[in-house]
Amino acid sequence: MAREKFERKKPHVNIGTIGHVDHGKTTLTAAITMALAASTGAKGKRYDEIDAAPEERARGITINTAHVEYETEKRHYAHVDCPGHADYVKNMITGAAQMDGAILVVSGADGPMPQTKEHILLAKQVGVPNVVVFLNKEDQVDDAELLELVELEVRETLSDYDFPGDEVPVVAGSALLALESLTQNPKIVKGENKWVDKIYSLMDQVDAYIPTPERDTDKPFLMAVEDVFSITGRGTVATGRVERGTVKVGEAIEIVGLREAPVTSIVTGLEMFQKTLEESVAGDNVGILLRGIQKKDIERGMVLAKPGTIKPHKSFEAQVYILNKEEGGRHTPFFQGYRPQFYVRTTDVTGKIESFQADDGSETQMVMPGDRIKMVVQLIQPIAIEKGMRFAIREGGRTVGAGVVFNILE
């Protein structure tokens with residue numbers, strides 16, 4: 001008898017490994033893919049396949065990122081791992097690979113190191129909502145008490161950065177020993193090998209602790225306006241890609257940005273590829289016909305949104321990465337009062353950089369190419385801004401930096 005085809009539609013979650021250099025992020029990534037390949041029949045990835053990460057471009061910045069995918073019984077995961085520390089910083093700030101949760105890898109032999117803390121801080125600021133900890137290199141720690149001390153230190157560090165350090169799941173193990181066992185015998189199943197079982201228990205915690213993200217279509221409607229034209233006898237059409245949510249004919253929307261106050265209108269028609277629609281959803285490239293709006297009232301850079309869900313702002317705090325010379329960025333430092341363009345969604349808005357702060361909160365006077373810095377920005381026009389929003393910093397049309405908003409000031 002032919003076997004029935006077994007299909008499953010599992011919820012999808014994006015995660016990544018973060019942590020200090022050489023604490024075992026890539027080894028763990030390889031061990032997870034190999035262990036789950038054994039149980040779900042997918043393809044495992046070797047360390048060297050993940051380590052040779054291809055270059056990608058996001059917001060004008062080149063980043064090396066490795067993407068792997070795997071499945072547990074409950075979910076499908078897309079997992080991002082970066083080879084170098086600078087790639088992590090760039091990846092998290094540009095949002096090139098959005099993370100719904102992260103596995104923080106800490107060597108049990110060393111405990112939290114400077115980059116451990118930097119990655120936790122970045123995760124908090126760029127809005128990675130949940131973290132699960134893997135205490136790696138357990139085989140190198142002879143004393144169980146030492147491992148407990150490291151675990152306490154990791155929990156305290158997480159609490160320092162406003163993660164719930166007492167609740168975060170912590171799993172100890174050895175990614176290397178698990179990977180070596182799986183390389184010798186790729187068919188190891190649960191219960192056959194102590195080290196491989198620790199990888200399974202880590203993924204059980206990830207399954208249980210990191211919530212399934214809200215789907216884009218369930219969020220409130222937002223579309224950045226890319227182009228505007230008028231249709232004689234019918235009115236004004238704004239086109240763009242629906243960033244999130246859904247919109248139906250007859251619904252009220254707000255036009256936000258580049259003016260002090262939002263304007264409300266009614267959607268009288270939706271068009272996609274010359275066909276009319278009743279409803280448009282996240283991901284659609286669509287033309288939205290708006291009642292009672294003149295062509296001069298709306299322009300590229302504004303957004304259409306569900307009323308009351310997003311407001312225009314001029315001032316915000318952001319975490320920013322400034323490109324170095326080799327990456328095509330500036331060759332010279334810049335100072336407070338620097339006025340570049342901030343490219344947000346679909347448009348450039350000039351802004352003035354009011355102040356800079358280092359990670360420890362100390363003020364700095366100048367920023368060098370290649371630095372990561374916190375800054376306060378004052379835009380000359382209000383635009384629709386929200387926490388977690390990404391932007392590029394440009395100067396004469398070329399990208400000199402990338403940032404993420406973590407606080408709105410007015």
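Glycine residues also receive a Cβ, built from the backbone N, Cα and C atoms like all the rest.
What you see is a predicted model, and the numbers here were worked out from it, not measured in a lab.
Per Swiss-Prot, the feature domain 'tr-type G' maps to 10-214.
Remote same-chain residues near the region 'G1' (19-26) are listed as 47, 50-51, 66, 81, 83-85, 104-107, 110, 112-116, 119, 136-137, 175-176 (criterion: CB distance under 8 Å, separation of at least six residues from the stretch ends). Per Swiss-Prot, the feature region 'G1' maps to 19-26; the stated evidence is similarity to another entry.
The GTP binding site annotation in Swiss-Prot covers 19-26, 81-85, 136-139, and the record cites similarity to another entry as its basis. Cys82 (GTP binding site) has a Cβ environment of 24 other Cβ atoms inside 10 Å.
The Mg(2+) binding site annotation in Swiss-Prot covers Thr26 and rests on sequence analysis. Long-range C-beta contacts of Thr26 (Mg(2+) binding site), restricted to its own chain and to partners at least six residues apart, with a cutoff below 8 Å, comprise Thr17, Tyr47, Ile50, Asp51, Ala66, Asp81, Pro83.
The region 'G2' feature in Swiss-Prot is assigned to 60-64.
According to Swiss-Prot, the feature region 'G3' maps to 81-84, an assignment based on similarity to another entry. Beyond the ends of the region 'G3' (81-84), by six or more residues, the same chain brings 16-17, 21, 25-26, 29, 50-51, 53, 63-66, 68, 91 to within a C-beta distance below 8 angstroms of the stretch.
Restricting the average to the region 'G4' (136-139) gives a pLDDT of 96. Feature annotation from Swiss-Prot assigns region 'G4' to 136-139; the stated evidence is similarity to another entry.
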* Asked: Which residue, out of the binding-site residues Lys25, His85, shows the minimum number of other Cβ atoms inside 10 Å of its Cβ in this structure?
  -> His85
* Structure fact -> Most Cβ neighbours within 10 Å, among the binding-site residues Asp22, Glu138, goes to Glu138
* To do: Report the DSSP secondary-structure composition of the region 'G1' (19-26) as helix, strand and coil residue counts.
  => 2 helix, 0 strand, 6 coil
* To do: Taking helix as H, G and I and strand as E and B in DSSP, count the residues of the region 'G4' (136-139) in helix, strand and coil.
  => 2 helix, 1 strand, 1 coil
